Amino acid sequence: MFSVCFCQGLPAQPRVFSRELAAPAGTESIGYDVNESAQHVDYFERVGLFSKKFSQSMWLSFGAFRWILLLLIGVGAGAVAVSVELALHFLMERKLELTDWVGRTSSSIGLQYVTLMIFSLCCSGIAGVLVCFVEVLAAGSGIPEIKCYLNGIHLPKLVTGRTLFAKAVGIVFSVSAGLPCGKEGPMIHSGAIVGAMVNHLNLERRLRPLNLDVETRDFVAAGAAAGVSAAFGAPIGAVLFAVEEGASHMTPRILTQLFVSSSVATLVTRLTLGPVLERHTFGLLGTGVPVSFGRFTEISYHFVEMFIFALMGIAAGLLGATFNHFNRSIARWRKQHVGPRGCVRFLEVLYVTFAIATMKFWVPVCIRAWSAGHWEPAIMEDLTGAQKLWFDSGQVSINDLFHEEHAFDEIWLLFFFGIFNLATTCWTFGLGVPAGLFVPSLLTGAVLGRWVGEVLSRTPEWLIPGTWAHPSVYALVGASAMLAGVGRITISLAMILTEATGAGTFALPILMVVVIATWTGNQFNRGIYDLHIIELKQIPLLEQTPADVMVRYYVRDIMSKNVVSLEAVEKVGTLLDVLASCCHNGFPVVDVGTRKLEGIIERGYLHLLLSRGNYYCMFQEDREANPGHSIVPFEAIAWPNIHSYPSVKELKRRLSSKHLEMWIDLRPYVNANGYSIPPHASMASAFSLFRRLGLRHLPVVDRNGDLCGLLTRKDLILIEENEATGELVQRSQPFLVSDTGWAYRKSEGTDLESGTSFEDMGMDSMLESETDGSEAPVEEASSGNAESSESDERNQSPTGDVASMGGLGGA
């Protein structure tokens, strides 16, 4: 019979969590650990993996075909990027041509303004419809969501064709509307979707992977890297970005895969966009081919200027922290008053577009009227360099700031535009349209950096020599620092900008300022992507290193002690009751009649075993029958049915009353990889296991191998959450080593002596500690009918999931 397991021999420690994390509906953790069940071993033997004829094994068949799929991912991501770039180029040209034509033919500023406003509202309206009414996950850049997926968290509809359509089409109209956003972030999301779709092709079974989740993760990482590479033309930077921001389980094989798909994506974009947009000869590659932000000519900088660059890095870190602070406040307001979809969010899109388009039109027009003494329409060829920034797209403006040799005369307007762009980007990020953050952040930094360069170039010769202070260099350094201050991206950002400008000689100052800006911003808050993931969307992302507070706590302080477990041979009716009564996605399996841990079995496997058990003669009338006498073949449930199992309602319809009284042996299907942790281990050690091994659940076992608790990734996040609020989990005292073995120090509120060993601590004393002396029958607790404690009620999520078993959606 299934049971609710209590930690034997351990004094109860209350789990005092300040609040329950409310993640988006349908959010689930993904397990990337290796499945070592007897079913898998049986499959390997049948396909010949262990034989010497490796060429006949499915493993090598898929291994060889994997590289073809990676090439296909690169081509697909490149094709999406090319389509978006061509469409965006067409719409931006038509927009500027239309406003210039109206200004020349009518000489009416009002009519020119109305024309521009109608065009902008139509474009933003299309983008808003795709997010607010078609697919909400198409909003924003998509980088936080893809980072979650690679970290081991699945969001529904994140990597579907519908999301790809809404994302790719929506970003074209978002940028064309004049909103401060870029296409680079959405291209990363689009590339990741291409990777997932390629991995889910209906291939012949011999060419399918053994672990669909692991292969999908690797292919999504390859697609994300291909998206970065296609957007910036930076394959090496793309690989570093995938490593730094996404993939948490790196191997040399995965790095090679990322580089292959990234290189192919870059090749596709350069072969296509060069001849179409730049009129280059098809097939021409090398230094003659333009890069994303234009190649720098012979420009130098002085060593003394490195100190100025360092100050710019500090300033960018402070601006980035301020940006993130206000964007968090705006996002929380939107979450409370606007919502993720619907008419209210759509109307907000139109309102923000109207306000930004109005400002971007009238500011340069009013400045021209003030300087000329009369009102006249804004014609692009008549505008100064600083005035063109208000009309051009972000990428065109960045190129001008990087490579314009002539000085920007209106440097006060340059500074004003930088602050305006920073503020409107903060307002726009999180709006109900696809919107990337790379280009607007780079533009803000480039404008403010160019402003610094222009100011320094105008200083007296005795203070700043004429060979110093090239404004273009300061624009490049400022752009790097600003994006690092907002997104807290370091190594990959430096490499991306180095490749995107062909300026390898500037790698040192770029790397220096991004490190300084990142460090400065981290003193105040998280990067914008982690902020949206953890603090706003409240998703249990495992960051690269554990929080410092985790070293202070033991596993026994945080683990869930009331664990729903199954016995190795369980009654069919009992399994069905368990599946119907809870939403957990993993169940520890213990030996019959003991608490010895056998392993973990996932909910999907239980559903599929029950649905196919009668067909494969798995059900047995006698509990003591030969275990594992009939194993359901791995291929019967592996591709891709494990994620589309029948519901409990459907199982009840299929199974008769006779089936419910029969038994099923779970041991052949239990993942017995042996990952567990003792209760006296630190939470920092548990964090490392979750992060490095891609675990979904981590059983806690005592010295005798008995199951006494369970950890999920959500438990790890709650520690840091409560550290911030000051309502921490109560810590138990550390262990002492004595002649009798491990023991507790004497702790206030317990009757345990310093020399008491594990073996001397019984179930009765533990129950008395938990119930303040009242008796709690063990039989009642084992059957799962005992009342839940107040701490367990706090662990119950709004969707009915228990934190210990599911994290989000049951972990």
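Glycine is treated like the rest: Cβ placed from N, Cα and C.
Where the annotation comes from TrEMBL, it is an automatic prediction and has not been curated.
The annotation compositional bias 'Low complexity' is assigned in TrEMBL to 779-788.
For the domain 'CBS' (670-728), the DSSP-based tally of helix, strand and coil residues reads 24 helix, 15 strand, 20 coil. Annotated domain 'CBS' per TrEMBL: 670-728, in sequence order.
Positions annotated as region 'Disordered' by TrEMBL: 748-811.
Tertiary neighbourhood of the transmembrane segment (67-91): same-chain residues 123, 164, 168, 171-173, 175-176, 183, 186-187, 190-191, 194-195, 197-199, 201, 219, 222-223, 226-227, 229-231, 257, 260-269, 272-273, 276-277, 393, selected by CB-CB distance under 8 Å and a gap of 6+ residues from either end. According to TrEMBL, the feature transmembrane segment maps to 67-91 (among others).
Annotated transmembrane segment per TrEMBL: 111-138 (among others), in sequence order.
Residues 80, 83-84, 87-88, 91-92, 95, 119-121, 123-124, 126-127, 130-131, 134-135, 137-138, 142, 149, 186-187, 189-190, 192-197, 220, 352-353, 356-357, 360, 393-394, 428, 431, 433-436 of the same chain lie 6 or more positions beyond the ends of the transmembrane segment (159-179) yet place their CB under 8 Å from a CB of it. Positions annotated as transmembrane segment by TrEMBL: 159-179 (among others).
Look at TrEMBL and you will find 219-242 (among others) tagged as transmembrane segment.
Marked as transmembrane segment by TrEMBL: 254-273 (among others).
Residues or ranges marked as transmembrane segment by TrEMBL: 299-323 (among others). For the transmembrane segment (299-323), the list of distant contacts is 422, 425-426, 445, 449, 452, 456, 465, 467-470, 472-474, 477-478, 481-482, 484-488, 506, 509, 512-521, 523-525, 528: same-chain residues at least six beyond its ends, Cβ to Cβ under 8 Å.
Annotation comment: TrEMBL describes 344-363 (among others) as transmembrane segment.
The annotation transmembrane segment is assigned in TrEMBL to 411-430 (among others).
The annotation transmembrane segment is assigned in TrEMBL to 437-453 (among others).
Listed by sequence, the residues of this chain that lie at least six past the ends of the transmembrane segment (473-491) yet keep a Cβ under 8 A from its Cβ atoms are 240-241, 244-245, 296, 299, 301, 305, 309, 312-313, 315-321, 323-324, 398, 401-402, 437-438, 441-450, 452-453, 456, 497, 501, 503, 506, 509-511, 513-518, 520-522, 526-530. Marked as transmembrane segment by TrEMBL: 473-491 (among others).
According to TrEMBL, the feature transmembrane segment maps to 503-521 (among others).
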- Note on the structure: With the greatest number of Cβ pairs under 8 Å to the transmembrane segment (437-453), the stretch among 219-242, 254-273, 344-363, 411-430, 503-521 is 411-430
- Message: Under 8 Å for C-beta pairs, could you tell me which stretch among 219-242, 254-273, 344-363 has the largest tally with the transmembrane segment (411-430)?
- Response: 344-363
- Task: May I ask for the residues of the chain that lie six or more residues beyond the transmembrane segment (254-273) and have a Cβ under 8 Å from a Cβ within it?
- Result: 66-67, 70-71, 73-75, 77-79, 81-82, 85-86, 191, 195, 218, 221-223, 225-230, 233-236, 238-239, 242-243, 247, 282-283, 285, 289
- Task: Check the domain 'CBS' (670-728) for me and report the mean pLDDT.
- Result: 82
